[in-house]
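Reviewing the structure listed below.
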Amino acid sequence: MNAVPDVSPAGTAGSSLAALNAWVAEVAALTRPDAIHWCDGSDAENAALVAGMEADGTLIRLNHETHPGSWLHRSDPNDVARVEHLTFVCTPERDDAGPNNHWMSPADAHAKIDALFDGCMQGRTMYVIPYCMGPIDSPLSRCGVEITDSPYVVANMRIMTRMGAPALARIEREGRFVKGLHSTGELDPERRFIMHFPEELTIKSYGSGYGGNALLGKKCHALRIASHQARNEGWLAEHMLILGVTNPRGETHYIAAAFPSACGKTNLAMLIPPEGYRKDGWKISTIGDDICWMRPGKDGRLYAINPEAGFFGVAPGTSRKSNPSALASIQSNTIFTNVGVTADNQPWWEGLGEGEPAIDWRGEPYDAGKRPAAHPNARFTVSARQCPSWSPEAENPEGVPISAIVFGGRRPSLVPLVFEARDWTHGVLVGAAMGSETTAAATGAVGVMRRDPMAMKPFCGYNFADYFAHWLSFDDGSNRLPKIFHVNWFRKGDGGDFLWPGFGDNLRVLEWMIGRVKGEAGAVETPIGNLPTAGDLNLDGLELTGEAREKLFGFEREGWKAEFDSIGEYLDSYGPRMPRALKDEQQRIARALAG
Ligand code: OXD
Ligand code: MN
């Protein structure tokens, strides 16, 4: 570890790292750490950090016979999810952040949070983490530096990003990077803020150690700040998985899909084809499970990269049945956060389907009457390369061409299994109107229906009205844009049961989409878009009840009329900044529904 006065990595004096060195010195003067450590991302560095965290109890060794290299971290019980009410977008003008964000003026926000940072690293080490979001040699990638006093954050950032020496070299070459300052502070919810300054490409996060609040490369950089950069630079930063579907003819189509947090993005990204499809030669490959950056290539198609290098997945519900690839990925070299453990110290969570919990996520003997063994938002952090379906295309600097964009949410009623948007403008409306029931990924009530446009409600770094306008601008006559679809895996019957089996069987829906992209699959035109009939999908081997067929493939005009009134009110809530084209599209469909 370097002593405080020596804040620069060796040999950089006078280089284009001067801005970085100056910022590190400024932060050190404010936070007053005992030592500064520049992270190089090496195995030796990681081993030393892990040993230190084992010694002070930050990491608990799991059973290394069954789970080599794997560790358990128990968060403070008040710090287990993203905190949307404490997350701010600090633009000079309130309207630029929009009604979709909490806003504070940059001056007030800096003053408020700098007061918390003042002296907060005394007695601690300050880690400087250079990282790259995306393949290190991709023109689509962007770099950042996170300064943190949490070695747990360093260990997670090492898995989730390309961290260390190669990233620092790129920063030196490019001379630009996103600045992220983080301290766990006192983990006091009263002294917790996640502040974004898009114009300054700066993030300041205080008082939480939880993933989305503390691993600043993820939501803060790769979505909130990147969405702002993307708007200025003509690309899209989205809350989307990216998967490849290879058919028996060997053709691969890439699909990007946006679902709100904890709605199955990781499961879809790692889908295992149903048996009949496997026999016929269908394959799924995984590029990413949470974030997608895409921009038009020379041929006008959208090309996408996954800016992340790992998965920060929700553990509960992950099983051999629901997601065998995820389960296989997390047998080694994994950091588990807030899971329970078995008597022989293996990680355990609700829905794992094997083993028994002995100790719960708070470290107390498991008592089913008291609390679940794992927190509902318990997570695993693992390198994407450990996933059996991981695709080397995830390292392609050019990205992969996207054939279809999918939006979806948890909609127990009204919304059918799948429909296709008529064109790009209609597709943008479908994304803008997305609704879903809330989940445990953020603090607050679970199961409440809210509008979550493009699954970006918690993550868009600027006014949604401007964001929709940015989406619409891609349809400029020169681009060959993907088709847009909406799916709902969560439709329920009158008895409250899910009507669609989901998981591997979702490939049946993806096959239909690819058929539509190629002009080969049938559909019926309705005011809300093009719907397959049950006969347009391959349902071989599935037993669907009459009620399931009717609700999954049906169009309920009266319900949609009310839905479109509510969509109209939602768009109006953004005032005059809402693009006219989107409002016109909503009204066109509302008229067709009335018609
Ligand atoms: C996540 C989230 O962690 O969306 O991916 O909350
Ligand atoms: Mn997410």
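Cβ atoms here come from the backbone N, Cα and C positions, even for glycine.
These numbers come from a predicted model, not from an experiment.
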Additional site residue, Lys219, Lys279, Lys298 [criterion: listed by TrEMBL with His239, Asp290 for Mn(2+)]: Lys219
Which of Arg231, Arg301, Arg410, Arg411 belongs with Ala262, Cys263, Gly264, Lys265, Thr266, Asn267, Arg379, Phe503, Gly504, Asp505, Asn506 in the GTP site listed by TrEMBL: Arg410
Among Asp290, Asp505, which are binding-site residues, the residue with the most C-beta atoms within 10 angstroms of its C-beta: Asp290
Intrachain C-beta neighbours of Lys219 (Mn(2+) binding site), sequence separation six or more, cut-off 8 angstroms: Arg82, Gly212, Pro458, Phe459
In sequence order, those recorded positions of Ala262, Cys263, Gly264, Thr266, Phe503, Asp505 whose CB lies under 6 Å from ligand 1: none
Average model confidence [pLDDT] within the domain 'Phosphoenolpyruvate carboxykinase GTP-utilising N-terminal' (23-231): 97
C-beta crowding around Gly264 (GTP binding site), within 10 angstroms: 24
Sequence-ordered recorded positions from Ala262, Cys263, Thr266, Asp290, Arg379, Asp505 with Cβ under 6 Å of an atom of ligand 2: Asp290
Secondary-structure category, per DSSP, in which Gly264 (GTP binding site) falls: coil
